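In what follows, a structure is listed as structure tokens, so that the remarks can point back to it.
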Amino acid sequence: MPTINQLVKKPRTSKVKKSTAPALNKGYNSHKKKATDLASPQKRGVCTRVGTMTPKKPNSALRKYARVRLSNNIEVNAYIPGIGHNLQEHSVVLIRGGRVKDLPGVRYHIVRGALDTSGVDGRMQGRSLYGAKKPKEKK
């Protein structure tokens, strides 16, 4: 327990919270060619590579991911959720924060059903997460 004098000399400092999605906290001023502090919930980007990655130790799969150059000129790896996708190089995508626990270096998710990304076909439950439209009812 510090004394009052110790606290007067050096007050308590609050912990600095590190962002889990740092690329969303930067903007880019193309006129001045400088990075700016402009946080946003999602960012637009262009796919530079689309491929698969194997997860960490106890799991086994081929997880789909895309390397995306964002509108603020930062390149990130983003996970493509859902079964099947239509992404290829030069596709324009929208990314949001959210890491994939068993893929190292993947801190972002691609938003399905936005821009060039199609929704998941035949998805009945949790449709809003995968950009799937409500199916037509049969009479």
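Here the Cβ of each residue, glycine as well, is placed from N, Cα and C on the backbone.
The region 'Disordered' annotation in Swiss-Prot covers 1-44. If you look up Swiss-Prot, you'll see 9-18 marked as compositional bias 'Basic residues'. According to Swiss-Prot, the 3-methylthioaspartic acid annotation covers Asp102.
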### Close approaches to the region 'Disordered' (1-44) from elsewhere in its chain (Cβ under 8 angstroms; 6 or more beyond its ends)
70-74, 76, 92-99, 107-108, 111, 115
### Query
Among all the protein chains here, how many other CB atoms are within 10 A of the CB of the residue listed as '3-methylthioaspartic acid'?
16
### Message
Is it possible to list how many residues within the region 'Disordered' (1-44) are helical, extended or coil according to DSSP?
### Response
10 helix, 9 strand, 25 coil
